[in-house]
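What follows is a single structure, written as structure tokens, with notes after it.
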């Protein structure tokens, strides 16, 4: 079924072609094909275990951290296949940043949470680093809340602030793509609303791919939505079409709560 899903848009940020993914001998993704549009929000929805987070983690090869996992096919980024072993995965992850389900600030100051990643890829003066930290925190709509306590621990922040700190950390290295794996599932409604507002602002500068279990969230913030089930991409289209005029019965059943 997945091989029938055509890519959308022109000059995509990522092109996924004939992608399979394996956990040992188990096939977790089956022939996934789609394009991720530049400077748009693409949401991945589907029941638990459908492969949406697995797919997201292939985009910057996070699976390399786990023995026995492998991907086959192509993920094209500027015309080069990210799955080739010759790719420098550290550079891939600099260009394709990731924010996880639970806030994961480093056990260091707010300032160092931002500066640490930047130093891995760039040499700059102290004043330039100060500017980069401020820039990243402003991008994550956090500067006004933390500018007077940059030397305090990132762990001292609230859950919602910690997640925005993680977003600031991701954008500080100036990626092209930001991956968000259920970034609000551990947050309260007010913090969730702030993250959603932030995502809407960030897409003017970054391509964003988000996994969410919250269909209303996907409908609110995304331009494109992909519905996945049992490792297959069942349907992919503009978000309004997916939610108002789905082309597949499985999609309709899922978004109307009749799935199963």
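Glycine is no exception: its Cβ is also placed from the backbone N, Cα and C atoms.
As given in Swiss-Prot:
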type    : residues                       : note
BINDING : 46, 47, 48, 49, 50, 51, 52, 53 : ATP binding site
DOMAIN  : 14-255                         : domain 'ABC transporter'
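All features noted in Swiss-Prot, drawn onto the structure.
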residue : record           : Cβ contacts under 8 Å, 6 or more apart
46      : ATP binding site : 52, 227, 228, 229, 234, 254
48      : ATP binding site : 213
49      : ATP binding site : none
50      : ATP binding site : 228, 229, 230, 231
51      : ATP binding site : 21, 28, 29, 228, 230, 231, 232
53      : ATP binding site : 181, 182, 211
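Within 10 Å of its Cβ, the residue among the binding-site residues 47, 52 with the fewest other Cβ atoms is 47. Excluding 46, 47, 48, 49, 50, 51, 52, 53 themselves, the residues of that chain whose CB lies within 8 A of the CB mean position for the ATP site are, in sequence, 54, 228, 229.
Within the model, the domain 'ABC transporter' (14-255) carries an average pLDDT of 95. In the three-state DSSP scheme, residue 48 (ATP binding site) is classed as coil.
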